[in-house]
(Lines of atoms letter the chains of each structure in order from A and count residues from 1; the text may use other names and numbers.)
(Lines give C-alpha, C1' and ligand atoms only; values in the text may rest on other atoms or scores of the structure.)
Protein backbone atom coordinates (compact mmCIF):
# COMPACT_ATOMS: atom_id res chain seq x y z
CA UNK A 1 0.00 0.00 0.00
CA UNK A 2 1.44 3.35 -1.02
CA UNK A 3 1.73 6.16 1.44
CA UNK A 4 -1.66 7.82 1.92
CA UNK A 5 -3.49 5.93 -0.85
CA UNK A 6 -5.47 3.40 1.14
CA UNK A 7 -6.42 -0.11 0.23
CA UNK A 8 -7.17 -0.71 -3.44
CA UNK A 9 -9.59 -3.47 -2.43
CA UNK A 10 -11.68 -1.02 -0.40
CA UNK A 11 -11.71 1.43 -3.33
CA UNK A 12 -12.74 -1.34 -5.71
CA UNK A 13 -15.49 -2.72 -3.45
CA UNK A 14 -17.00 0.70 -2.79
CA UNK A 15 -17.02 1.49 -6.52
CA UNK A 16 -18.45 -1.89 -7.52
CA UNK A 17 -21.21 -1.80 -4.87
CA UNK A 18 -22.12 1.74 -5.87
CA UNK A 19 -22.20 0.87 -9.58
CA UNK A 20 -24.45 -2.12 -8.88
CA UNK A 21 -26.77 0.16 -6.89
CA UNK A 22 -26.68 2.62 -9.81
CA UNK A 23 -27.61 -0.17 -12.24
CA UNK A 24 -30.51 -1.31 -10.07
CA UNK A 25 -31.77 2.26 -9.79
CA UNK A 26 -31.69 2.77 -13.56
CA UNK A 27 -33.37 -0.62 -14.09
CA UNK A 28 -36.07 0.39 -11.60
CA UNK A 29 -36.72 3.59 -13.53
CA UNK A 30 -37.07 1.71 -16.78
CA UNK A 31 -39.42 -0.91 -15.27
CA UNK A 32 -41.78 1.33 -13.30
CA UNK A 33 -45.26 -0.06 -13.11
CA UNK A 34 -47.99 1.67 -15.08
CA UNK A 35 -51.72 1.38 -14.64
CA UNK A 36 -54.61 1.35 -17.05
CA UNK A 37 -58.28 1.90 -16.26
CA UNK A 38 -60.72 -0.95 -16.79
CA UNK A 39 -64.47 -0.99 -16.35
CA UNK A 40 -66.22 -3.92 -14.74
CA UNK A 41 -69.67 -4.00 -16.36
CA UNK A 42 -71.07 -6.57 -13.93
CA UNK A 43 -70.43 -4.61 -10.73
CA UNK A 44 -70.31 -1.15 -12.37
CA UNK A 45 -66.87 -0.45 -10.90
CA UNK A 46 -63.78 1.11 -12.36
CA UNK A 47 -60.44 -0.38 -11.40
CA UNK A 48 -56.78 -0.22 -12.35
CA UNK A 49 -54.73 -3.00 -13.86
CA UNK A 50 -50.98 -2.58 -13.27
CA UNK A 51 -48.00 -3.93 -15.13
CA UNK A 52 -45.20 -5.84 -13.45
CA UNK A 53 -44.04 -4.69 -10.02
CA UNK A 54 -40.38 -5.54 -10.60
CA UNK A 55 -39.23 -1.91 -10.13
CA UNK A 56 -39.95 -2.19 -6.41
CA UNK A 57 -37.50 -5.07 -6.14
CA UNK A 58 -34.90 -3.16 -8.13
CA UNK A 59 -35.35 -0.14 -5.88
CA UNK A 60 -34.88 -2.25 -2.76
CA UNK A 61 -31.82 -3.86 -4.36
CA UNK A 62 -30.33 -0.41 -5.05
CA UNK A 63 -31.04 0.55 -1.45
CA UNK A 64 -29.30 -2.55 -0.07
CA UNK A 65 -26.22 -2.32 -2.32
CA UNK A 66 -25.71 1.35 -1.55
CA UNK A 67 -26.18 0.65 2.16
CA UNK A 68 -23.62 -2.16 2.07
CA UNK A 69 -21.08 0.05 0.28
CA UNK A 70 -21.51 2.83 2.83
CA UNK A 71 -21.38 0.35 5.72
CA UNK A 72 -18.17 -1.15 4.32
CA UNK A 73 -16.48 2.23 4.08
CA UNK A 74 -17.66 3.36 7.51
CA UNK A 75 -16.52 0.06 8.98
CA UNK A 76 -13.05 0.38 7.46
CA UNK A 77 -12.65 4.01 8.52
CA UNK A 78 -14.40 3.37 11.85
CA UNK A 79 -16.81 6.16 10.95
CA UNK A 80 -13.94 8.60 11.41
CA UNK A 81 -14.75 8.80 15.14
CA UNK A 82 -12.80 5.82 16.49
CA UNK A 83 -9.31 4.62 15.72
CA UNK A 84 -6.29 6.74 14.90
CA UNK A 85 -6.75 10.49 15.18
CA UNK A 86 -6.49 12.60 12.07
CA UNK A 87 -3.41 14.77 11.71
CA UNK A 88 -4.09 18.50 11.66
CA UNK A 89 -3.90 20.12 8.28
CA UNK A 90 -5.63 20.34 4.94
CA UNK A 91 -6.06 16.56 4.64
CA UNK A 92 -8.10 16.51 7.85
CA UNK A 93 -10.22 19.41 6.61
CA UNK A 94 -10.89 17.68 3.28
CA UNK A 95 -11.66 14.42 5.11
CA UNK A 96 -14.32 16.13 7.19
CA UNK A 97 -15.79 17.93 4.17
CA UNK A 98 -15.99 14.71 2.14
CA UNK A 99 -17.34 12.77 5.14
CA UNK A 100 -20.24 15.17 5.65
CA UNK A 101 -20.93 15.48 1.91
CA UNK A 102 -20.81 11.71 1.51
CA UNK A 103 -23.38 11.21 4.25
CA UNK A 104 -25.69 13.87 2.84
CA UNK A 105 -25.65 12.36 -0.66
CA UNK A 106 -26.05 8.88 0.85
CA UNK A 107 -29.17 9.91 2.76
CA UNK A 108 -30.71 11.63 -0.27
CA UNK A 109 -29.94 8.66 -2.56
CA UNK A 110 -31.38 6.18 -0.08
CA UNK A 111 -34.48 8.33 0.39
CA UNK A 112 -35.02 8.53 -3.38
CA UNK A 113 -34.70 4.80 -4.06
CA UNK A 114 -36.71 3.63 -1.05
CA UNK A 115 -39.45 6.24 -1.60
CA UNK A 116 -39.57 5.26 -5.26
CA UNK A 117 -39.83 1.58 -4.36
CA UNK A 118 -42.61 2.29 -1.87
CA UNK A 119 -44.56 4.53 -4.22
CA UNK A 120 -44.14 2.05 -7.08
CA UNK A 121 -45.61 -0.70 -4.90
CA UNK A 122 -48.67 1.43 -4.09
CA UNK A 123 -51.60 0.53 -6.28
CA UNK A 124 -55.04 2.09 -6.40
CA UNK A 125 -57.82 -0.38 -5.62
CA UNK A 126 -61.43 -0.36 -6.75
CA UNK A 127 -63.48 2.82 -6.83
CA UNK A 128 -67.17 2.57 -5.95
CA UNK A 129 -68.21 5.57 -7.97
CA UNK A 130 -70.81 5.74 -10.62
CA UNK A 131 -69.12 8.68 -12.29
CA UNK A 132 -65.40 8.03 -12.57
CA UNK A 133 -64.27 10.79 -14.86
CA UNK A 134 -61.68 12.03 -12.36
CA UNK A 135 -60.38 8.59 -11.51
CA UNK A 136 -56.76 7.89 -12.39
CA UNK A 137 -54.36 5.12 -11.62
CA UNK A 138 -51.65 6.11 -9.15
CA UNK A 139 -48.19 5.61 -10.62
CA UNK A 140 -44.72 6.67 -9.69
CA UNK A 141 -43.59 9.99 -11.12
CA UNK A 142 -40.80 9.79 -13.69
CA UNK A 143 -37.34 10.61 -12.45
CA UNK A 144 -37.45 9.46 -8.82
CA UNK A 145 -35.14 6.52 -9.44
CA UNK A 146 -32.99 8.63 -11.78
CA UNK A 147 -32.53 11.20 -9.01
CA UNK A 148 -31.49 8.34 -6.74
CA UNK A 149 -29.04 7.13 -9.39
CA UNK A 150 -27.48 10.59 -9.72
CA UNK A 151 -27.00 10.81 -5.98
CA UNK A 152 -25.59 7.26 -5.93
CA UNK A 153 -22.87 8.29 -8.40
CA UNK A 154 -22.17 11.48 -6.43
CA UNK A 155 -21.95 9.40 -3.26
CA UNK A 156 -19.52 7.00 -4.91
CA UNK A 157 -17.21 9.82 -5.97
CA UNK A 158 -17.36 11.47 -2.56
CA UNK A 159 -16.69 8.14 -0.83
CA UNK A 160 -13.57 7.56 -2.93
CA UNK A 161 -12.23 11.02 -2.10
CA UNK A 162 -13.20 10.64 1.56
CA UNK A 163 -11.28 7.39 1.86
CA UNK A 164 -8.28 8.82 -0.02
CA UNK A 165 -8.01 11.89 2.23
CA UNK A 166 -8.81 9.83 5.32
CA UNK A 167 -5.83 7.55 4.70
CA UNK A 168 -3.62 10.57 4.02
CA UNK A 169 -4.73 12.21 7.25
CA UNK A 170 -4.16 9.07 9.33
CA UNK A 171 -0.80 8.05 7.84
CA UNK A 172 1.01 11.38 7.78
CA UNK A 173 2.85 12.19 11.00
CA UNK A 174 1.61 15.01 13.14
CA UNK A 175 3.72 18.13 12.99
CA UNK A 176 5.31 18.88 16.36
CA UNK A 177 6.88 22.16 17.22
CA UNK A 178 10.40 22.16 18.58
CA UNK A 179 10.60 24.50 21.51
CA UNK A 180 13.78 25.08 23.40
CA UNK A 181 12.03 26.11 26.57
CA UNK A 182 8.56 25.99 27.93
CA UNK A 183 8.71 29.51 29.26
CA UNK A 184 6.76 32.37 27.89
CA UNK A 185 9.16 34.94 26.58
CA UNK A 186 8.72 38.44 27.88
CA UNK A 187 10.48 41.31 26.25
CA UNK A 188 10.55 44.85 27.42
CA UNK A 189 9.67 47.70 25.15
CA UNK A 190 12.42 50.12 24.44
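Keep in mind that glycine also has a Cβ here, set from the backbone N, Cα and C atoms.
Note: TrEMBL annotation is automatic and uncurated.
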Per TrEMBL record, range annotated transmembrane segment [choices 55-76, 121-142]: 55-76
Distant-in-sequence neighbours of the transmembrane segment (144-166), which means Cβ under 8 A and at least six residues beyond its ends: 4-6, 10-11, 14-15, 18-19, 21-22, 25-26, 28-29, 32, 55, 58-59, 62, 66, 69-70, 73, 76-77, 80, 86, 91, 94-95, 98-99, 101-102, 105-106, 108-110, 112-113, 115-116, 119
Residue numbers, six or more beyond the limits of the transmembrane segment (9-28), whose CB comes under 8 Å of its CB atoms: 55-56, 58-59, 61-63, 65-66, 68-69, 72-73, 76, 109, 113, 116-117, 120, 145-146, 148-149, 152-153, 155-156, 159-160, 163
